[in-house]
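J.: In case it's useful when we look at the structure, here is the feature table from TrEMBL:
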BINDING   Thr28, Gly29, Ser30, Thr31, Asp84, Gly85, Ala86, Asp87, Lys97, Gly98, Gly99, Gly100, Lys124  substrate binding site
ACT_SITE  Glu106  active site, proton acceptor
Amino acid sequence: MNSISEKELAAIEAVKFIKNNMTIGLGTGSTAAYMITHLGERIKKEGLIIYGVPTSEATEKFALKNGIKILSLEEVKKIDITIDGADEFDTYLQLIKGGGGALLREKIIASNSEFNIIIADSGKQVSRLGAFRLPIETVPFATKKIADQLHQKGLDPILRKKGETVFSTDEKNYILDVNILPFYNLESLNQELIAIPGIVETGLFLTTTDLVLMGKGSKVIHFKKNKPNKKNRKTLINSALIIC
Ligand SMILES: O=C[C@H](O)[C@H](O)[C@H](O)COP(=O)(O)O
């Protein structure tokens with residue numbers, strides 16, 4: 001069967017948000033790669049000028065091949081939209097990211113973007129984050145000691161490897177993949193983790209996402225972050241609404 005995958009469907013939908021002369025944050029991973037391919041097709045067909053700020057070295061190479069003009073973060077005044085994948089997302093549009101090891105640059109780019117779109121297949125939707133181990137980026141010098149501390153906290157850290165060698169990120173750091181399932185308050189867990197010297201970043205993206213586009217079968221479902229108003233502020237903060 002030659003049907004388009006859910007990942008690709010989501011990516012095609014996301015590319016529709018891109019207009020000429022925009023600066024786009026370019027995510028990392030297989031879903032983001034579909035987005036870059038389809039953006040490349042639009043650039044070719046429509047003669048668009050698109051600037052991209054990549055979240056990894058791999059994405060930078062692939063984006064250049066697809067006709068996107070690469071800029072560094074310091075060169076851009078603003079990033080109009082960032083489009084990226086995720087390893088898991090929940091009802092509140094909270095994410096686990098970093099399965100490909102790009103979480104640090106991804107979080108920096110997401111935090112510097114006007115609008116963040118996550119593209120995903122339906123397997124990424126969860127009622128509670130944590131079936132996917134949370135990636136934590138650490139400086140190599142401190143990684144063993146951090147792993148000991150995380151072990152004591154019940155997070156069961158596993159040092160990420162690539163074959164026989166330790167996996168190294170674009171920033172030359174290591175990744176500890178941990179089990180967050182025993183922890184319910186993700187915000188306080190995240191703060192606790194970030195406070196440990198030598199932890200550079202975690203793959204918990206709790207507030208950055210504005211829209212999730214999820215491929216399901218042959219459709220794309222939009223999950224949009226609600227904008228709180230005076231009346232519903234308390235209940236709507238962090239809640240999401242299915243809009244189609
Ligand atoms: O570090 C990698 C990123 O966070 C990816 O966006 C994430 O792992 C999802 O990747 P994929 O689209 O390949 O499932």
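Don't overthink the numbers, they just go from 1 along the chain as shown.
Glycine too: its Cβ is placed from the backbone N, Cα and C atoms.
Remember, it's a predicted structure, so these values are computed and weren't measured experimentally.
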J.: Just how spread out is the substrate site if you go by the largest Cα to Cα distance in Å among Thr28, Gly29, Ser30, Thr31, Asp84, Gly85, Ala86, Asp87, Lys97, Gly98, Gly99, Gly100, Lys124?
T.: 15
J.: Which residues, same chain and not among Thr28, Gly29, Ser30, Thr31, Asp84, Gly85, Ala86, Asp87, Lys97, Gly98, Gly99, Gly100, Lys124, have a CB within 8 angstroms of the centroid of the CB atoms at the recorded substrate site?
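T.: What remains near the Cβ centre is Gly27, Ala32, Ala102.
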J.: Reported as an integer number of Å, what is the Cα distance between Lys124 (substrate binding site) and the residue listed as 'active site, proton acceptor'?
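T.: Pair distance, Cα basis, whole Å: 18 Å.
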J.: If I take the alpha carbons of Gly99 (substrate binding site) and the residue listed as 'active site, proton acceptor', what is the distance between them in whole Å?
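T.: Cα to Cα, Gly99 (substrate binding site) and the residue listed as 'active site, proton acceptor' are separated by 12 Å.
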J.: Just counting, how many other CB atoms are there within 10 A of the CB of Thr28 (substrate binding site)?
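T.: So the Cβ neighbour count for Thr28 (substrate binding site) comes to 28.
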